[in-house]
Amino acid sequence: MANCATYTHHHVAVFLLTFLSYAFFHATRKTFSNVKSTISDEWSPSFHNDTVNYTKPDHIWNSRHLFNSRKDAEPYLGVLDAVFMISYAVGLYISGMIGDRLNMRLVLSFGMCSSAVMVFVFGVVFEWAHFYNKYVYVIIWILNGLLQSTGWPTVVAIMGNWFGRHSRGLVLGIWSACASVGNIIGAFLVSGVLDYGYDYAFLLTSSVLFAGGVINFFGLVSTPKEIGLSLPDEDSTVHPKEYSVVVNEGESNGNLSDDGDDPSRLINNRGVVDNEDAPLLNPVVTRSDSVLSDDRPAAIGFCSALCLPGVALYALAYACLKLVNYSFFFWLPYYLHNKYGWKETVADDISIWYDVGGIIGGTIFGFVSDRFQHRSVIVIPMLLLGIPALFIYNSDLSSTLTMNGLLMAVVGFFIGGVANLVSAAISADLGKQGPVQGNSEALATVTGIVDGTGSVGAAIGQILVPLIQDGLGWKSVFYLFMLMTLLTALCILPLFIREVRDLCRQKRVRFSWYKGVSSVPTHRARDPGVQDSDQYFD
């Protein structure tokens with residue numbers, strides 16, 4: 001099992017670079033959300049009345065006025081959100097496969113720099129050049145969605161290459177806070193320069209994103225093998241049927257090692273010593289010429305990745321869950337402003353508590369799932385607890401600022417925390433499991449499938465939420481959220497049942513009065529000397 005002693009400065013650098021990379025991606029997305037009011041004012045006249053509805057010369061005063069009123073501009077801003085999410089979802093499927101076939105460092109750097117250019121053109125160049133065209137804006141934003149999709153599959157794949165399954169839940173639980181941190185960074189950057197014009201907000205965030213791409217190009221290491229280290233899962237996963245007897249260098253192939261069956265002298269068919277306590281070995285050869293092959297493994301196809309155990313179920317589950325999670329991302333400040341009449345600045349400040357709850361939830365769920373070495377047994381209970389949390393949040397109990405922030409953090413804890421766990425740790429697990437274990441060329445494809453399907457659900461949500469809200473009110477919107485949360489749990493239910501049976505069959509669950517319920521190694525047998533309070537559950 002991986003521990004802190006096995007981590008190097010390379011692990012720290014990879015953690016920080018990938019964390020900040022996706023945080024910068026989200027900061028640029030948050031920029032557009034935070035400047036919508038300013039853009040609406042800029043794109044529509046604010047000084048006209050029923051008597052005087054035009055000014056001269058027209059090409060100076062009205063060239064930027066794409067709409068007759070701010071109300072007319074709002075649907076167009078919604079269209080930009082929708083086309084971004086759709087292109088982002090499509091791009092995730094493609095970017096995952098590209099990341100597995102090319103160097104992920106180059107793919108990520110290209111995506112960050114090119115996306116920064118699109119944001120710069122959209123918000124800065126067009127404004128400074130006084131060029132305003134609704135159709136060109138849509139095209140630029142579609143391209144931005146496609147390029148932004150290179151981020152998540154590659155950063156999750158890189159993290160999965162560096163951190164093994166036994167510590168992945170906690171590490172990626174903490175790391176998955178990058179999106180929430182990016183939202184906060186984007187809000188601070190925009191608020192600092194928005195008084196000078198929305199173009200300066202786009203200029204600042206796009207510059208930060210471009211600089212991050214340049215740093216990744218020169219400093220990011222996408223896999224430990226690039227610097228001569230082995231993959232973490234290869235260090236800690238034992239496959240008894242794959243072992244070969246090692247022959248010491250200099251000995252003839254007909255003579256076996258004197259170490260006999262010493263596990264420190266066994267090597268698996270991926271050419272990596274499985275006993276992490278074993279001393280470093282001199283160069284060795286085995287009876288199989290392919291054991292120590294340095295050839296890059298073949299990338300997995302889209303259909304093959306989709307057919308991996310659990311991928312389709314978690315993809316469908318994440319489509320339901322991301323609809324809820326991203327609806328909070330896009331609509332929470334609007335909901336607070338319209339339902340309670342709070343100022344937009346106050347609504348923006350309170351909405352941060354959803355991200356705070358998600359950060360705490362993702363970290364705790366990741367740590368607990370590492371103890372059990374199973375994810376679904378943690379995800380299902382948290383989703384079921386999220387349903388009453390949504391119901392209570394939509395009640396009159398959340399009418400005050402303090403209670404609203406507290407209940408919002410609870411909702412973020414269950415909904416946002418599970419979303420962070422599914423999109424990061426679980427996606428990495430799915431891309432490193434049995435059939436593709438040891439193949440680093442499958443993780444980005446699997447992550448793209450899960451997050452791409454989730455983004456399809458999020459795009460549908462951006463259409464359903466305003467329609468339901470206009471026709472039935474906000475209570476019906478929250479009923480939709482509860483239904484989608486329940487559907488998320490139902491999608492994962494078969495995996496939950498299988499994991500519970502696995503825990504019971506392997507006697508990997510025990511209870512201790514001072515440790516509570518925890519998992520135990522599968523090779524540990526029932527100890528007759530252990531007291532009753534420490535016996536394993538059957």
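Including glycine, each Cβ sits where the backbone N, Cα and C put it.
Those TrEMBL annotations? Automatic predictions, nothing curated.
The feature domain 'Major facilitator superfamily (MFS) profile' is assigned by TrEMBL to 14-500. Summarising the annotation, TrEMBL assigns transmembrane segment to 12-28, 76-94, 106-129, 135-158, 170-194, 200-221, 311-332, 352-369, 376-393, 405-430, 442-465, 477-497.
Two recorded stretches are said to be in contact when at least 3 C-beta pairs lie under 8 angstroms, sequence spacing 6 or more; the transmembrane segment (200-221) and the transmembrane segment (477-497) fall short of this definition. Stretch with the largest number of CB pairs closer than 8 A to the transmembrane segment (442-465), among 135-158, 170-194, 311-332: 311-332. Counting same-chain residues at least six beyond the ends of the transmembrane segment (405-430), those with a Cβ under 8 angstroms from any Cβ of the stretch are 152, 156-157, 159-160, 163, 165, 168-169, 172-173, 175-177, 179-180, 308-311, 314, 317-318, 321-322, 324-325, 328, 332, 350-351, 353-366, 369, 375, 378-379, 382-383, 385-386, 389-390, 392-393, 397-398, 443, 446-447, 450-451, 454, 485, 488. Using a cut-off of 8 Å between Cβ atoms, the transmembrane segment (76-94) and the transmembrane segment (135-158) share at least three residue pairs, counting only pairs 6 or more apart in sequence. Counting only same-chain residues 6+ beyond the ends of the transmembrane segment (106-129), those with a CB under 8 A from a CB of the stretch are 21, 24-25, 28, 31, 35, 95, 98-99, 136-137, 140-141, 143-144, 147-151, 154-155, 158, 197-199, 201-203, 205-207, 209-210, 212-214, 216-217, 220. Within the chain carrying the transmembrane segment (477-497), a Cβ under 8 angstroms from the stretch's Cβ atoms is held by residues 310, 313-314, 316-318, 320-321, 323-324, 327, 376-377, 379-380, 383-384, 386-387, 390-391, 393-394, 415, 418, 457, 464-465, 468-469, all 6 or more beyond its ends.
For the transmembrane segment (376-393), the most Cβ-contacting stretch among 135-158, 170-194, 311-332, 352-369 is 352-369 (pairs under 8 Å). Residues 14, 18, 21-22, 25, 28-29, 79-80, 83-92, 94-96, 98-100, 104-105, 107-108, 110-112, 114-115, 118-119, 121-122, 126, 172, 178, 220, 222-223, 423-424, 427-428, 431, 440, 443-445, 447-448, 451-452 of the same chain, all 6+ positions outside the transmembrane segment (135-158), place their C-beta atoms under 8 angstroms from a C-beta of that stretch.
For the domain 'Major facilitator superfamily (MFS) profile' (14-500), the model's pLDDT averages out at 77.
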